[in-house]
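Colleague: According to TrEMBL, the record shows the following:
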type     : residues : note
DOMAIN   : 2-124    : domain 'EamA'
TRANSMEM : 23-43    : transmembrane segment
TRANSMEM : 55-78    : transmembrane segment
TRANSMEM : 84-102   : transmembrane segment
TRANSMEM : 111-127  : transmembrane segment
TRANSMEM : 133-153  : transmembrane segment
DOMAIN   : 134-264  : domain 'EamA'
TRANSMEM : 165-185  : transmembrane segment
TRANSMEM : 191-211  : transmembrane segment
TRANSMEM : 223-241  : transmembrane segment
TRANSMEM : 247-268  : transmembrane segment
């Protein structure tokens, strides 16, 4: 899980570093390069690429594309660590969607942990003057849609292979963003070509090791480690992009992650 968190942190920083490019071009490379890994793996393991629940898979891929595009767009307005912190309230929205769409129940402990995370968001937006309103609304939209994605994945359950789910997500994202990229294309420099390719490489590594961690270890032990992505991203932003964080910003991010981790551990232990 630490490898996964580190990989996603590098991905976040690379996206931020490419902020002078149109977001669709960034999404296209992130998705298309990852497909270069998922498609061969599907073939090697003799897995049907179209899957069994195509309507749900298409919905997951389409909503996931919008969520990813919004998150990448928010990095043009927010510091990377701040954007990642706010996006991590997505499990809260996933739980709320599950209440209405899957008829699941939320225990009072979880509502308390959700409240802690939302308090962190309020600290970030209400007291940290460095948080841009447009960027905040964009990443909040990304968090809501990511929560819906989590709910759809739970509905898909184990009836489709994880590689099929990822392949739909990346395929739909590459297709839609590729169309828009035709209108906004900007030729990268030699070094930027390497950066664009690295988006897909680190994205795949992060996804692969996150899945592997959940499959081979107890969730209540591995899941909280995922949130060190925020720490890695903040440190990388400070040293690589010369980002600066206020005490209020760090406090808000810490409160958000505390609430999410507490909820994750609580759910894992009460299964």
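Using N, Cα and C of the backbone, Cβ positions are placed for all residues, glycine too.
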Colleague: Do at least three CB pairs under 8 A connect the transmembrane segment (165-185) and the transmembrane segment (23-43), leaving out pairs fewer than 6 apart in sequence?
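Modeller: Result for the transmembrane segment (23-43) with the transmembrane segment (165-185) is yes.
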Colleague: What does the DSSP secondary structure composition of the domain 'EamA' (2-124) look like, as residue counts for helix, strand and coil?
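Modeller: The breakdown for the domain 'EamA' (2-124) reads 96 helix, 0 strand, 27 coil.
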Colleague: Any contact between the transmembrane segment (133-153) and the transmembrane segment (247-268)? By contact I mean 3+ C-beta pairs closer than 8 Å, pairs at least 6 apart along the chain.
Modeller: no
Colleague: Restricting to CB pairs under 8 Å, which listed stretch, 84-102, 165-185, 247-268, is in contact most with the transmembrane segment (55-78)?
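Modeller: Answer, by Cβ pair count: 165-185.
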Colleague: To the transmembrane segment (111-127), which of 84-102, 165-185, 247-268 is linked by the most Cβ pairs under 8 Å?
Modeller: 247-268
Colleague: For the domain 'EamA' (134-264), how many residues does DSSP put in helix, in strand and in coil?
Modeller: 115 helix, 0 strand, 16 coil
Colleague: Return the average pLDDT for the domain 'EamA' (134-264) as a whole number.
Modeller: 83
